[in-house]
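As written in Swiss-Prot, here are the features:
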- 132, 133, 134, 135, 136, 137, 138, 139: ATP binding site (BINDING)
- 1015-1056: compositional bias 'Low complexity' (COMPBIAS)
- 1145-1159: compositional bias 'Polar residues' (COMPBIAS)
- 1185-1197: compositional bias 'Polar residues' (COMPBIAS)
- 1226-1240: compositional bias 'Low complexity' (COMPBIAS)
- 39-718: domain 'Myosin motor' (DOMAIN)
- 722-742: domain 'IQ 1' (DOMAIN)
- 743-768: domain 'IQ 2' (DOMAIN)
- 776-965: domain 'TH1' (DOMAIN)
- 1071-1129: domain 'SH3' (DOMAIN)
């Protein structure tokens, strides 16, 4: 609503406030001071004095202030503003959605919301009855109710949306064909309609049906001065297309007698051209085909041209057609013979009967007056049947597509009419309004008081006028009423309308005994509830017969237009002796059916009032409105409402609706009350805290006095489900937090171990390559053995690695494998002898590097580079030795024969790089090619006298027995059980484990609801134990590690050292509360926490809107978050340190710089995560990110059939997982060091590299570190 401006006050436009200006809260606060103040009372039951004058004064105050709606309890009073107040926008509509009438100002949307809510909540049909004078705003109210229901009824299905569109499209279509301008209303409904919208059990519209009542067809052929015909005629004549004008000979509205006789062609605020476009669009939405639309317009053109047929009187006094060209065009439109049209309009066929047998047939000429009546009768019949056809077509389109459960009906019917000349049409209209008033009285006054007496409710009777006596005066048969007298007059003098009218006058004289009827010769007076109306008898019996003469029906029967013939499906049977139903019969039958429908639904009332007869937005006619207040019975309605009860229902339905509100009648959503429905209903009302004077218990029903009480019950019921939903959501969120915490733990473990999995996959691939054909060394099968590849750390840029990389000129080429090895070297005149080397494997080649001494410095040089594409096969023996040969093609240098501790890993990486394109042979002997293509062979012999490794001498390798050939890696060693932190973040468990279930209150047995035959099946109570319940356990003693897995001790002294006791577990911490301290003073309002500076509060819940739920002294309330600062949690006491463990003494001798042979202890036993470097310092476990897999550029020949495809061994670099802010991590691992590893000890890089023997000094340092690690594991075990 726009802010009101005071006179003479300058209003400065406000500047935009950036993004904050878009906030809904800020916008509402800005408007708070500009809201229009309420004038008068919104509910007239609150008036201090109850009189017609006080009601009128309250309505006038509100209407003058632009507030046209006022309540009397649940009845809405609407005063037509005759202007657009902007109160039907989408924004206003949304404010009424889901609100009861006490939460928002009075509005027609509130009535629509109440009807829709009650239908869904109570599963009862609803109807909205709109009554009032013509021009009071009934049609507009019905349109807004339909608009609201279409907006809130949901349903995204295309079929449901189509139903909504078609329901809304009926408004412009029926307004065009059924509304006209009258002296009192520019858009007066000249018919009545009852729209029934069908809904499924989800509250979605699935169909609709329209019932039409009493179209004022007489308006087609005549209107009084300054009124108009139906809108469609002016729309059609003004906005028809050129094709239509050509086909139908169409001209402007001034060219036709039916549209120009009242001298009113245009109406202010009505655009006929624009409305015609809306009519065409509505026809398309409803589903009328272009052919059907064309036939409709042809019928309209036929009616217009029929009105232009004029009659002259000849010498004999008979009628003749003035212009036969008009009748010729009418015959063209009706597709009949022109002569037949002329004859049907100017003559009448009369048939005589004699003794019940057919006699002679005569053509009786008609005088001009009779011919004009026949012409008008034909026009009225065509238009009336056309309107009925359109309504039937709409109902076919709106037919339900699926099953429906409930209905909302909207009654928009003609208002009470009092004119200077009142005839049969006004009698029927006022009769229907009398019936509606009777329904209002029956349901709101008479029936209600009778129910109070029947239910023995304390009640003060209210006197009121019951208009049933007026309804009986019009519709009763015995004694005969007005309609019965009309029918008798038509039956006795059916041939002569004048004689029939005189007969009716005589018969109606007998009705004078009724105090509400008065006969005055050719007129009679009826005292309606809305006032006294004088009716003229002339022509009333003819209108009551409402039938075409046989000649005109025969004319239509000869038409070649099938559409025209379909408009008249029922032809009277000339041989039938049964009297055809009259217009009064049909209107009485329709009104009775309407009353039956309305009585089967729960009604909502809208009483419309017309403020003046000039359609002025500023004129308030106090006298006219006071008259409407009186005949609408608003004063009696207020008295009954104040003395009565707003809501009543049977005990069974009350219990079924509200049993959830009492803990004695419900448990976990089940009905548990064992008493009768009445006692259960009384228990519910007591437990909800409702005052005793607000409700009474009757014989079969419970009565609630004020609607506020009912709304409170509904709010509590809605909150019950909301609270239950919140509990379920809270439990689900706890479950999700628990689940996410478990997932995070798994993810952390995975991030810390996923690289190890990659290395283990490569190791398993190595097992597949060997395929149980070669004996294994025990240390090759350790569970912690990983195929890490680059043992010389060439990719890591260590000092040794840089030297080797420069010697090989690797550049950016990634290194897949590097280690120390021995190469079998042949010397002139001497037997071959192993010599230390370094071997490097890249995706392109194998590099063999030799170290020589020059001037006391180590010099690295590339001895040989072997391209991978030149390697044909690899050979190994079946024993546990370390020898293998790379068989190449014809070369001068021959095949290299190498001995390497990591031979299996080298072969595995080589097979991966070549996609298993190399033959891999394992046999008791290996063959290789020496220089100049000389063949040689090495034999392998088992020799148990060899203490360890193997010994080469004269092409024979002596090797001890190893592990069986089918051996695989040992399973991972069991870690020592420590104190596991329980997963309690989701609050599913208390710290320390789950609590025992509370069995203090047994689960009640479910009972059947009142009206049910079988009790509801009780859901078994299932107590589920979360998976986190078992995570807190006492530390178990470490299981002994098998000898095959545990590394041997190095010295006896180390074995004698007892293992240290495990550290004590940390004290079990109580659940940590998140505490905050107030930074400033804060004065809270209702629902807010008042704070004093330095107050300490416990945080319960955070909300995104800036308010936090806190707890202080056992009270929970909301506080602004920026007034609080967190109190740092107290650090948990550290556990006592474990006793110091004596450091084992290593007996591994440090290799001298001049050593040239490998020491036996230099053999690597395993590769462990976090193993020491050559100098005993820490070494990162993961490989460098520079190491990647690649494939040789050239393709290789096919390999042997026994090849195993390598697994994908990608090595992603794990991201560093940072701890969550604000969450302490006691005992967490420190971050990995980011600096480079220190250089090996022993007197500098050169000194460390000049070591000889076996695997080289670098390998010796590595072996020493491994030995220390093995000793440490042995000590721990």
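Each residue, glycine too, has its Cβ placed from N, Cα and C.
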CB contacts for residue 135 (ATP binding site) [other CB atoms within 10 A, all chains]: 23
Residues that sit under 8 angstroms from residue 138 (ATP binding site) by C-beta distance, when 6+ apart in the chain: 130, 131, 132, 189, 412, 413, 415, 606, 608
CB-centroid shell, 8 A cutoff, ATP site 132, 133, 134, 135, 136, 137, 138, 139, site residues removed: 80, 185, 188, 415, 608, 610
For the domain 'Myosin motor' (39-718), the mean pLDDT of the predicted model: 89
Three-class DSSP secondary structure - residue 137 (ATP binding site): coil
Fewest Cβ neighbours within 10 Å, where candidates are the binding-site residues 134, 139: 134
